[in-house]
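Structure record follows, encoded as structure tokens.
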Amino acid sequence: MALSITHQIGALAGTPISLENGNMNSAETTATVSATSGWKSPASSLRCKVQKPDAVDFSPSPPMSPCRSPVLGATRADLSVACRAFATEVEAPPARSVEYRTGGAQDKKGEGVPVYVMMPLDSVTMNNTVNRRKAMNASLQALKSAGVEGIMMDVWWGLVEREAAGSYNWGGYAELLEMAKKHGLKVQAVMSFHQCGGNVGDSVTIPLPKWVGEEINKDPDLAYTDQWGRRNYEYLSLGCDTIPVLKGRTPVQCYADFMRAFRDNFKHLLGDTIVEIQAGMGPAGELRYPSYPEQNGTWRFPGIGAFQCYDKYMLSSLKAAAEVAGKPEWGTGPTDAGEYNKWPEDTPFFRKEGGGWNSSYGEFFLGWYSQMLLDHGDRILMSAKSIFENSGVKISVKVSGIHWHYGTRSHAPELTAGYYNTRFRDGYLPIAQMLARHGAIFNFTCIEMRDHEQPQDALCAPEKLVKQVALATQKARVPLAGENALPRYDNYAHEQILQASSLNFDGNSGESEMCAFTYLRMNPQLFQADNWGRFVAFVKKMKEGKGANKCREQVEREAEHFVHITQPLVQEAAVALMH
């Protein structure tokens, strides 16, 4: 029996799929710009206005789960549905392999940008098995048929080392990696040392390992803390990085031991199937502080967030730094930086004229706060580099695209996250230089966003931010990779990614290309007929690169032809998977 693609998607989408030993939470849409609206109208129609929040009670409250990422209002349905609907038995056409470049003007140009696709957060269950095995296998085959280079998967600390310190269960990951190898897909493996769950976009809860939670219960200061005493349990405070607070090991030692165990267990796949290791360094795996936690409305876009340096370990470091500077009175964090949902001009510390951020104390505090983050990254990269040396894999670090209030002088949201970037100071060059010392890749988000799509009164400027980051990576001669921050399936977003994937030193379209792009995320919408067709064309354009002797129209025609000829097989596989 043949069903139309629309019928199949509709039928599958109405079939709930339970998660083994996990929690399936309905995502709550809180953002100004929704990623689930279909994106059918021109981008100019997406312009909107954000109302400033009313006063919020910031009295101390029970601990809250931090945000996973700045997915501003992106809802996320169960990813199994359409993954099961689209598979193809046809062999993928031979694709020109695109190697990671090392960055810089001397490198090969115009060779195209390989596209990876992020896997579902719950690809491995709490029982350490592959989730929805048959659907996963079919989906990987579909991605390969589209010319995708590979996949990105979270390797959760809270799953692998869950029960006891030093006891690793690689279960579902071994099977998932073999599945990727079978389909000829390369893998970017994310060492995810953060918690997943409890925020917009998260459909599964994966806490930190149980034994880590036990240590936090004994010493709550192991968690990031704000000035109101709120604890954040998504990622251990970097203030205790070098202190043996985890059953005789330091957090950095635990991260290193985890990466070493991963290397030893999967050494036969390193450099061939596994081509990149992304070292998790904070919430959402990003090198930043958890300054904008979304759960329970603690933070709402486009609030400035709050500094996270009030646990005893961070305060001890700040006090010592103040004494070295000969200013012991500077040994505390700012008390006039406002609350999570304030705007810069509403706070004495971040306001344009006479703001504390531009004072002697402000420069001292922000310098210390951002340097602590850089040192944290440096420590983890030092371990990662030594562990994976000569294994044939690249090391990468993800940096968050915090684009709201970018047009202000203070760049408050970036400052609270640990990026000391203001109108008078480049906060991304020091990060790029730190990565360059270790030969790591600078992975940046919000590549798909356009300035005019964002709330203008919040002075959002993602395009300008991407250009600044691209320039910083070029100066530091470090490779730049990209991701989209929100799920997008429209040609406007695809075109923006294509343009951003090749920026020259002036920030205009040029010949200096990203080394890779990772697409967020494999989900039901991606596999719908129209979205799938656009995605195949997008992947082809990215792989063709600037050096291709083809016009965009020709590439699109070829992609349309490929989608058309594989459609009957895709439909046939979808029907088979329904029974």
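Keep in mind that glycine also has a Cβ here, set from the backbone N, Cα and C atoms.
The active site, proton donor annotation in TrEMBL covers Glu286.
Within the same chain, residues at least 6 positions away in sequence whose Cβ sits under 8 Å from that of Glu483 (active site, proton acceptor) are Met118, Lys398, Asn443, Phe444, Thr445, Ile447, Phe517, Thr518, Tyr519, Leu520. Residues or ranges marked as active site, proton acceptor by TrEMBL: Glu483.
Around the Cβ of Asp154 (substrate binding site), the same chain contributes Met119, Leu121, Ser123, Val190, Ser192, Cys196, Gly285, each under 8 angstroms and 6 or more positions distant in sequence. Annotation source TrEMBL lists substrate binding site at Asp154, His194, Asp202, Lys398, His403, Thr445, Asn484, Ala485, Arg521.
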Candidate with the highest Cβ count within 10 Å, taken from the binding-site residues His403, Arg521: His403
Neighbour count (Cβ, 10 Å) for Asn484 (substrate binding site): 24
Around the Cβ of Glu286 (active site, proton donor), the count of other Cβ atoms that are within 10 Å: 26
